[in-house]
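S.K.: Below are the structure tokens for one structure; questions will follow.
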Amino acid sequence: MARDRISYGATDPSLSDRLLYPHVFRTVQSSHTHNMVIIELLKYFGWTWVGILVSDDDAGENELQILTKYMRENGICAAFTIKLTEENSLQRYIQRMKNSRDPMSPSYYFTDQGEALHPYKIINWIFIKEARSEDIKMTAVGNFTPWAVSGEKLYINPQSITWRHSQEIPVSRCSDPCLPGSRKKPGETIHICCYDCAPCSEGEISNITDADNCIQCESDEWPNEERDRCLPKVIEFISYQNDPMASVFSCLSLFGCLVTSSIFTIFISYRDTPIVKANNRNLSYLLLVSIFLSFLSVFLFLGRPSDVTCRLRETSFGVFFSVAVSSLLAKTVMVCVAFKSTKPGSPWRRWLSVKLPYTIVLLCSSIQVVLCVIWLSISPPFQDLDTQSSPGKIIIQCNEGSDICFYSMLGYMGLLAAGSFLLAFMVRTLPDSFNEAKYITFSMLLFCSVWISMIPAYLSTRGKYMVAVEIFAVMASSAGLLGCVFFPKCFTILFRYEMNTKIDLLRK
């Protein structure tokens, strides 16, 4: 029968293997425990660049391997290693240190590895130099209790420590610590304790000293200037509360609506005069209503976008402008038909009916309406949160849904404008009283210029400035139609009223 054996000095860690040595017990702890106490002490003082003194024998080599293993696991490096021998001198201090290792109290129990647990004293060694000798004063400054809960095993009283040169804790590091907002970057040496500090990359933070890696902020957060904490991103859209652009665009839109309403009132008041009746006054009313709605649609672009406003804003101005341009196309066609029908027996006389302009407007506008209905049915615009385009911002914007449908709507509107421009340009010199073709030519030229320049500007901007470009295009083209087509007529009605008579028309 095997007998249990108790050792009073064996520290070889291999004796902890219960399969090989099931009956061996010892009243001292293995080298693993000793070195763990040393590691905790180094971590307490923040020392990562230390020297190691061991005996030049097998036991010393074994302890060196165990200690360096623990040091690597805790980010502590050995600046040098000295192996001590008997000859070594430090032997329109080491011996004295070993002899002074004294447990605080007797063992309490044996562990599963057959080791007796006992606490350790932390001794402060004070070297006192006298005239012919050197003495050592030892003061207990703390203790290590292996069976205590994690975080409470090591206790140090820093006020009772006497340092060699000053009362400040000595610094034993290979590199300066990396402050929060930066991370450790491997240096040129093989020691992990020797490193450089690199600032955290864009969108990342570190909130501890000597961080190995930076932390990525959440998609709705962004680092502060120091990059040591994440802050909520700024939400960006054209807001009524704190954005001057919203106030400017609102005032301009209301002013455009007011001017359009005033012109509409003038045309209603002078509806029986030749200049208003020329080229179908009902088309002029329809054109003014569509321009008014275009100015009013600007408010769909302001404020925080939603799915409803996104769908209305992208389709409304397309339909409104299609009605406006179709009305101008119908006016231009009526000028051409009126001139052709003046010749006796001309077949163009049968086209001089009230149905022709309305048919043109209805047909051309219906195509745009169908395109918008298909767009809303297949892939409608929706509210989108853009967290990538602009650092530190969450851009609340409207996503067009289907780019093909969006550019098809713009393309058809441009096709109508181009057709109206070409036809108006060809008939601008026809001898007709109150011929609107030359004014329509200028209005379509301005209209096409605005929207052609808008597309590259729209694609090259982000966030609320993209919306601002779209608003500017809507307001500029609406103002262009209103100014080029109706301002000359209003000037004649209000200030050259003698020209707005039937007698003057017959004389011409």
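Start at 1 and count along the chain as shown; that gives each residue its number.
Cβ coordinates come from backbone N, Cα and C, glycine included.
TrEMBL: automatically predicted annotations, no manual curation.
TrEMBL lists these features:
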- 245-508: domain 'G-protein coupled receptors family 3 profile' (DOMAIN)
- 245-270: transmembrane segment (TRANSMEM)
- 282-303: transmembrane segment (TRANSMEM)
- 315-339: transmembrane segment (TRANSMEM)
- 360-378: transmembrane segment (TRANSMEM)
- 409-427: transmembrane segment (TRANSMEM)
- 439-459: transmembrane segment (TRANSMEM)
- 465-487: transmembrane segment (TRANSMEM)
S.K.: Is it true that the transmembrane segment (315-339) and the transmembrane segment (409-427) have 3 or more CB pairs under 8 Å, sequence gap of 6 or more?
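M.R.: Yes, the transmembrane segment (315-339) contacts the transmembrane segment (409-427).
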S.K.: Applying the under-8 angstroms CB criterion, which one of 282-303, 360-378, 465-487 scores highest with the transmembrane segment (245-270)?
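M.R.: So the stretch in question is 282-303.
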S.K.: When each of 360-378, 409-427, 465-487 is checked against the transmembrane segment (282-303) for Cβ pairs under 8 Å, which one has the most?
M.R.: 465-487
S.K.: If we skip the immediate neighbours and take only residues 6+ beyond the ends of the transmembrane segment (360-378), which ones have a Cβ under 8 Å from one of its Cβ atoms?
M.R.: 283, 286, 311, 315, 318-319, 322-323, 325-327, 329-330, 333, 401-402, 405-406, 408-409, 412-413, 416
